[in-house]
Amino acid sequence: MAKRTLELEKSKMDGKSTREEDVIKLIKEKEQTNIELSTLKHELEIAKRTLELEKSKMDEKRKAEEEDMIKSVKEKEQTNNELSALKQELEITKKTYELRCLQMETEAKDAKADLDKRLKELVQLLDDSRNKVKVLEAYSKSQKQKWNKKEIIFQRLTEFQFGALQELRLSSQCIKHEILKAKKSYSEDFNCLGLKFKKLVVEGENYHLVLAENRKLFNELQDLKGNIRVYCRIRPLISGQAEKQTTIEYIGENGELVVANPSKQGKDGNRLFRFNKVYGPNSTQGEVFSDTQPLIRCVLDGYNVCIFAYGQTGSGKTYTMTGPNGATEEEWGVNYRALNDLFSISQNRSSSFMYEVGSISEHNGLVVPDATMHPVRSTSDVIELMEIGLNNRAVSATTLNERSSRSHSVVSIHVHGKDLHTGATSQGNLHLVDLAGSERVDRSEVTGDRLREAQHINKSLSALGDVIFALAQKRGQAKTLMFVQLNPDVASLKDTISEKDGEIERLQLLKDLKNAYPSVNGEKQGTPLKHGYSSMSNDSVRGALRNQKQSSKTTSDHDYCSENIDKHSELDSQQSAEDLKQQSRFLKQSKYSRGDINQDVEILGYADGDREDRLSDVSDGCLSVGTEPDISTGESTKPLESEGNKVLSRVRSLQKLRQTTSSSSRDSPRAPTSMRKTATTNTISVKPPRRWQ
Ligand SMILES: Nc1ncnc2c1ncn2[C@@H]1O[C@H](COP(=O)(O)OP(=O)(O)OP(=O)(O)O)[C@@H](O)[C@H]1O
């Protein structure tokens, strides 16, 4: 190649021989080419050597490859062997595989059927779920709507409350403002009140003085009306009895009572009795209590009050004191009403007084070893105790085979009061007594135990007479009210007009005498007694009756009832004094005060001398209802017992007195029946110290 290039270049140099530079250049290029040729030669030699090396290597390689080929042939043979073994194995495997495929196909078919079934189920489930989703979606939609509504309402409510809160804030500010204003005015008012209160305190002190004065005046008024009052109550005839069988001829408004004896003609047929008041058969329990009520206040003011009912069996003592069995409030007797009053007045006064209505004793008859004390707080407590007492009474009656009415029943209420202002204390007692029947022993013609019992009863009634005498002498501050019970039945006439009633009438007049006569007409104390218990001529009684029929109120045309005033008003003390004057005038003006009528007057009770004896007898005794210290406490029992001899001597002197009086004629002054009865019981041993325990 370099040769060609040199030839080319030589042709070119021939073609252009002219130029020297080109020849030089060409020479130079020839030299260069020579160099390059030698280089190429060298390179060629190197390549030749390399080729030789390569050729030896190739030979070696070829040998190695031949060995490898032999090796490979051998391996190929081995591989062919293995391949045939593998082919066989493959055949077997193929067969196994085909079998397996068949098996798998059947399994796949089963699985497919199974899957189809499950797919169906799943599709069903999917449908159900979709339905449920739909329902839930609807529910959630409605819930959402609800919540939206609620949200709206809540928002409105919040807005409203917010508004209200604002209003409240405003109004609270207003109220604050007003409170401040009110506070200011209150403090001003308080200051004012303080001043007024100081004034009131001063006036309150005066009020207590006025109150005390008022109480004093009230009790003085009761004193003026008499410390002993005798009211007569006539029970109605039992149904079926004709009106004509009644023995009651006339009931005056001033306490006069005319009893007629149908077996007697003329002036002896009628008898006049006088009481503080007479309650007719139609009187209600309330009316009867209205005249008793003021005495209950006295108990709370520290006085001793004794209210008792006296009369023959069946005359209405229990009815008046307690009321009928299973009584309604209207039918309540004096006991319940008095207790009700007692508790209600004590409650009304509770701001200025503290009362302890501490105890009650319930005992029957004179000998009362089992009399008991109980604390009481209300009327019902007392009623309960009274019922227990009644039951006890019934039990003892059964064991004795006697009637309950043959014993006394005494209920005592003790009231301890304290004036919260002054600290002063008071002690008052209220004794409510339902006495045993007062019928005469001789009439009942009893003997043995019954006789003895009747005599005991008479003895206790005699003691009652003593107590009344003691009271009549103003020994103490006790106030006594006696209900004389009458049975208008003709058969009971003997007991109605018995000497015992004469005694009560006499006692009644003794009370009048003590209370009024000495200061009214200046007569000797005993004189009016002669007018006390009298029989009237039939003419005068008929006149009185005629007058009563003409007008129940206009009584002016008859001496007997001519000047009638309401002497039972509780609040008017002047009227009470007027009443006493009236009684005096009545005695002066009446037929019985004139000489001609005096002959008609049957003088009962004692002659002055006898009475004096009797009073001196009584004054020796120790009995005094109410004036004694609390007789139910242990302390008071001893003094009573220590005075036993005194009582015994007093009983004996009464018996002596009775013996003298019982021997006198009918026209002579009479001893009280009870005392005469005691005379007949002379043989019975007396245990005086236990009386009225
Ligand atoms: N004012 C009256 N109104 C209606 N009934 C009356 C009245 N007074 C008494 N009675 C009745 O007469 C009967 C006898 O009365 P009560 O038992 O009160 O008499 P008593 O005097 O207590 O008798 P005793 O001495 O036997 O205890 C009773 O049935 C009673 O209900």
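Count begins at 1; order follows the chain as displayed.
Just so you know, glycine gets a Cβ as well, placed from its N, Cα and C.
Among the features that TrEMBL reports, ATP binding site is placed at Gly311, Gln312, Thr313, Gly314, Ser315, Gly316, Lys317, Thr318. Gln312 (ATP binding site) is surrounded by 23 other CB atoms, counting those within 10 A of its CB over all protein chains shown.
The feature compositional bias 'Polar residues' is assigned by TrEMBL to 656-666 (among others).
Positions annotated as compositional bias 'Polar residues' by TrEMBL: 675-685 (among others).
Feature annotation from TrEMBL assigns domain 'Kinesin motor' to 227-475.
Taken from TrEMBL, the feature region 'Disordered' covers 1-20 (among others).
Nonlocal intrachain contacts for the region 'Disordered' (55-78), taken as residues 6+ away from its ends with a CB within less than 8 angstroms of a stretch CB, are lacking entirely. According to TrEMBL, the region 'Disordered' annotation covers 55-78 (among others).
Look at TrEMBL and you will find 518-562 (among others) tagged as region 'Disordered'.
Feature annotation from TrEMBL assigns region 'Disordered' to 611-693 (among others).
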Restricting to the domain 'Kinesin motor' (227-475), what is the model's mean pLDDT?
74
Of the residues in the region 'Disordered' (55-78), how many are helix, strand and coil by DSSP?
24 helix, 0 strand, 0 coil
Counting across all protein chains shown, how many other Cβ atoms sit within 10 Å of the Cβ of Thr318 (ATP binding site)?
21
